[in-house]
């Protein structure tokens, strides 16, 4: 997450003296006819956030349907064949997303398992010759080189490819445009960087990057390829809008999770529970279809690899822990260790989130110094990881093999196996080398192994757990593609297995199952996922008998973790400054109305239905607003009496105004245009384009005096709310509908008064922005 750690400055903190100067009262007890709060400044959001290596200007996405005249005419003209073509294209793109994600995941697994496998075989050959120093130099040198390649790609070519990418995807599906996140360069760097970083043995996984990779495929397919080589097929232009791109990226994210864990239902639920803000049944079906395609591709690949055509890949590369043949027995008393694991998972998960927050802030200071420092930080972590993985097994005692095990099984000198010989004599194995001197996926399989109660010594498990706690903190945040799933699984399985050793005589649960429950509890305690995580582990273990205790562990861990801090992805979103809108508004927002919010904003800039070109240019150049209310004056009211009434015709987007200026759609006199005039100049597909800058538009002095009819391009059905609506209710509406602009209208409209008193955007409804304007609410928040 190269710049995952390069964090932007947090919101301005509250001035404690300011709170003392304000009159002390509880906003909950305020009468309805009195002002709730005293204001001290103007409401203004900071539209900047960190995306990759740059602090970028953040805009919201247009998920709302823009019902202007062109859209309505096109919708009426669509034939059944065109509607069928549109639906068929949606399913075809879902199929392609699943196919490409599955194939890419297979290639990543093949590359990682073979690169890491041949590296470990060479190291073992040096150790068998007792050339320990040569083995160390080879092991460290290869890891250093692989990390160097991954880090250079991220630092120099695609900074947004660093990290998991899940927080940015979550923000995008929430309505935040995260620039440069889904391009072809990012996709290429993400694939190559993931192979290099995971093959180098760093404490990170490919699960998060696969989610980002699936989303990149979805976005590129929806827009017809990268910007420089975009396919201009007519049917692809149907998807050139934010709503369809949102659905495709949702499908891509679920396909990525499915490809990482071979869990189709878990992938769908992950998208529903963790990343998606908006959902519907049709999207559910296409998402499930895409994950089914991924599973078919992975299954076909595994069958092919069973025949020995995949090099060292074999069954590796997928965290498969099949315990379908293990008899899971537990009774009522076994609930006690299960509850303990859940509590520990919540406590350790929240502690991990807290410490990682501090580490990312420290990395921010380092990364601000330049690209060379980012590269050196990544290489330093790689060196430290290699030294620990190679050196710590020398601290472990050699354990004699069980006489009942055949010699090829114990000890083993191959790439994988539960009983690594390492530096031990014949007939003995090194349990710590079994966990450290292997790939991360094999380490998970080894520590999850069942019916091995005496395989690992408690001291080795303690060293393993402590090491991966340190590596999990210092690795996440360096400039390489990285995922959080695997580090958390390794940490959780460590203390789960240790707890199994301690409570072994008093429970019927296998030590390997304790490791599984520990991994699940730490993931729930850190990421705060429950349903999707439960199904993912169910699909991994292939044993329904584990379902009840897994559910108990997840619920307890999430409940404990929520009482301390937010989930790790919410912490990263906050650190990066992405304006993510939570599902549940704070209780104190009930005491604030949207009318009070717009009162502290700058005055709304509105345009007339037939507006002068000079006024449009002035509005675009002097403001950064992306939406302008269109108001008509002198309208005859429904009573039939012309009394200078004003009508809110709708809202027009900044991008549409720029297109009007670019196409020189000007009138010499102030008049309304005919339908054919609009269709001759614009198409609804063109209006979906968001590119354009007012500085790139040249308007002559004569054109400044001309007019533009804005009626045909205006969204005539904007979402409006009364000024008396609470901020809490407005926030829920804004998030669920996926709005970019919310118009606030007066409760009572006098003659000659504008029908719009303000516009609320995403930045206006964020809690920390509101608290800077209304400091009284900070006290109310603390009381709650």
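Cβ atoms are placed via backbone N, Cα and C, with glycine included.
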Transmembrane segment according to TrEMBL, located in which of 5-26, 27-48, 49-70, 181-202: 181-202
Annotated range (TrEMBL: transmembrane segment) out of 399-429, 430-460, 461-491: 461-491
Distant-in-sequence neighbours of the transmembrane segment (181-202), which means Cβ under 8 A and at least six residues beyond its ends: 51-52, 104, 107-108, 111-112, 115-116, 119, 142-144, 146-147, 149-151, 153-154, 157-158, 160-162, 165, 168-169, 172, 209-210, 212-213, 215-220, 225-227, 249, 381-382, 385-386, 389, 439-440, 471, 475, 480-482
Secondary structure content of the domain 'CBS' (714-780), with strand meaning DSSP E or B: 26 helix, 12 strand, 29 coil
Proximity of the transmembrane segment (86-112) to the transmembrane segment (248-271), 3+ C-beta pairs under 8 angstroms: yes
Positions whose Cβ lies under 8 angstroms from the transmembrane segment (461-491), at least six residues beyond its ends: 1-5, 147, 150-151, 154-155, 159, 161-165, 189-190, 193-194, 196-197, 202-210, 212, 260, 319, 348-349, 352, 355-356, 359-360, 363, 367, 374-375, 377-378, 381, 384-385, 388, 392, 395-396, 432, 435-436, 440-441, 443-444, 447, 497-498, 501, 519, 522-523, 526-527, 568
Same-chain residues near the transmembrane segment (375-396), Cβ under 8 Å, at least 6 residues beyond its ends: 2, 123, 135-136, 139-140, 143-144, 147-148, 150-152, 155, 200-203, 363, 366-367, 422-423, 430-433, 436-437, 457, 459-460, 463, 467, 471, 474-475, 478-480
